[in-house]
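Structure first, then comments.
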Amino acid sequence: MKDSSRKAMNVALGGLILSLIGFLGCLLTGIITSILPVQFIAWHLLGAAIIWLYLIIYYHNFGLAEREKRDEAILKSQDETIFQDSQQRQAMFSVARKRFKIFQRWGGIVFSVLSAAYSITIGLWLISRLRETSELVGKNPLAGASAMIVAWFASFLLAKYASGMSSEKDWQPLRAGGSYLISSSAGSLIVAIALGIRFFHYDLPIVAASWIVPVIMLLFGAETILNTVLDIYRPRIKGAYHRPGLDSRLLGIISQPGSMLHTAASTIDYQFGFKVSQTWFYRLLEKAILPLLFLLILCMYLMSCFVVVGPGKKAAIEHLGSTDNGRRIVGPGMHFKWPAPFDKAYIHDTERIQQLNIGIMNAPDINEETDEIVKKPLLWGQKHQEVEFRLVVATESSKNISNEDAPPVSLIVAAVPVQYRVKDLYQFLYNHKDPEVILKNVSYREIARYMASAKLETDIFGGDIQDNESVLGAGRKEASEELTQIIQTRADELGLGVEIVTVGLQGIHPPLDVASDYEEVIGAVQKRQESILSALAERNKTLTELGGSLEQVNGLYKMLSDYEQEKDELSESARKERLAELDKAFLEARGQIAEKIFDAEQYAFKKKRLSKASGERFKSQLKAYRAAPKIYLQNERLLTLERSLEDVRKYIVVSGEGDSEVMIVDLKQKLNPDIYDLELPEE
């Protein structure tokens, strides 16, 4: 075997051993210390073993093919050969080379598919573990950081050594293992730094580092599949190195940054079949790429000097990490600041109303089409969530409690949204670490304290209607206003920098077990109020019909009451004056009082006039009687008969003195009129 192939095979074998030892070491360290990112690095290192195994087989076949080629050349140089037939001799000495060509053609595809399947499967599995695990670092993060430093150092040395060897033509396949191992080295270094920062209780770097390994594995798997598909249709150049799909171009940029353009040009060369690297544009781009990249990075860095604050928002700009030295609070618009890390801006919504859900344990239902919260009615007889927030409230009195052993407290279920907006951004950001949590705790405490003294039951046995305002009924508005003021006062005392907009009490209701009983009580209260209001309406109707208006009736009643209380103490003149005032007031009244007074006056006037007329008539009759007594009496009798027989049928019967008469009167009701009932027209 040639020394070059043997040396490359030894490097591949060393890479395989390092990958397996690194996998076992990192996996055991991660399990013992309960550090999830260290375990992720172990699985990433195991993926390198597939590439190194491919390289071992590759260089084994490559060495056999080279030795076979060398032996054939030696035999050709000799005068006498073992085989007289040249074709038979060529077939005997081309077995290893054919096997190497077959492996070079199909072995790369098989190992590429195997490596891609491993990377994608393990990457998805690691992401699922990240989503299921909340604690990334268990105990002793410094031990995990030490293991990562060892893994970084060992993998970095071998990766750089293999990448350096790949610059030679026969050792170019080592670039695949070196590129993959350099990514493992970079991941180990990042995890080590993140674990060191985690020692100071700063979690963001370790969270970001935990996602790096699965993302790199997924990208590597996707690129390997794409390279393998393109490799099938890529044109072959005789004598050129054929890069397998597992030789990542992206990781090659990390392992050999200086050959980034060479990598791109090589890819295009293989794709189109001509040397792109020999064109003038490539040479110009190769010279200007570093200044252009530097200018691009500088422009992106200088963009951090500008802060764009949207409508309804404000930004707090810190200078050198200080909240006092150069601190600024700016409103909507574009503002200038020193670039990072000298100045840093924190943008927050200050006009948008935000909401804290007190007593709401479940996540709200979201409409998939409109992306809005589905609003449902809060019915007392239905359960709204699995865990309900219950409040203890005091019972106002014991007269409504039938059971003497019942405790003087009650329970209600509360789902209270507290809406607020940020009014002082500086206080909101810097007075407390988590102002929303503090505001939520304050809201819980003040709501529980207020409900402990709030009126719950409705007094259905007496009292003014205005006093029957329970937090389960008409008293919610007043309770909401009081709670808003109480929570606002407490938030100002703590310096939270928020404005409480409203506290909604529409979600307060009795527990599900007693909801029907509460509904019966509320129904009784409503019926009682209905009766009271009906009586008041009837009273108002009666008094209005009686006096025209309630004011007049109340005024007349007051005047009569005052007169009855003071009439014994009044003088005669004062009494007459008060009576005159009463008469005038009653005369000015409307309604049935005025009607009765007018009827009485009319009746009195009529009686007075009739009595006077009867007296005058009697005087006239007396004068007539004295003048002619017989004629007056006869005239009065005839007038009496005339008035009495005015509507009576009269019969005149003429008979002689000796005749006897029998009167027959038919008293039966006649169904049909006879001729005597007909009325003759008057002439």
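Even glycines carry a Cβ here, placed using N, Cα and C.
Annotated by TrEMBL as transmembrane segment, the relevant range among 180-200, 411-431 is 180-200. It is 180-200 that, among the stretches 41-60, 106-128, 180-200, 206-230, forms the most Cβ pairs under 8 Å with the transmembrane segment (140-159).
Looking only at the domain 'Band 7' (304-522), the predicted model's pLDDT averages out at 75.
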